[in-house]
């Protein structure tokens, strides 16, 4: 009888610190958008960065953690929309996973490819976000896009149509900003750091992740 050894994947200290930084970027971006009542969210830059650099599964963590933190402190809506960010992180990892870390991500975030990249990352999360918004909140959230929803709800689109239309526009604009920011950040990363984040260099004090 064959006994299969359980496969372990080591998460090194660089990856842990990178995830913590991604959570911080989400928190700061979300607070800026909330304070200025912007029609975009800016709370997924760290998530897309983590997904692009670390892959789809680790890419799901930053928005989950930042959603819990913001939901328990300053913006309860963030907690309900955390699954949307998790989907965004996963899609980012899947989409960027086809490319090399530096060249691929940089190309995907520049020029016309930026818009295609943002669209691919946006659509699945937007579908879930629209359902959460319509079913749980009736179009009322803490973001600046709520004002657009309330205005369009008086048109023939109605509330549900207005939520979907505004969600598509605001999410897509937000993801375009995020993808561009990620492409710039990755282009500035050194080759050794990129290698360590991919687990290509051994480190002391690693945390084992079983799966």
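In case you wondered, yes, glycine gets a Cβ from its N, Cα and C as well.
All TrEMBL annotations are machine predictions without curation.
Looking up the ranges 77-96, 157-176 in TrEMBL, the one annotated as transmembrane segment turns out to be 77-96. Looking at 16-40, 116-140, the range annotated in TrEMBL as transmembrane segment turns out to be 116-140.
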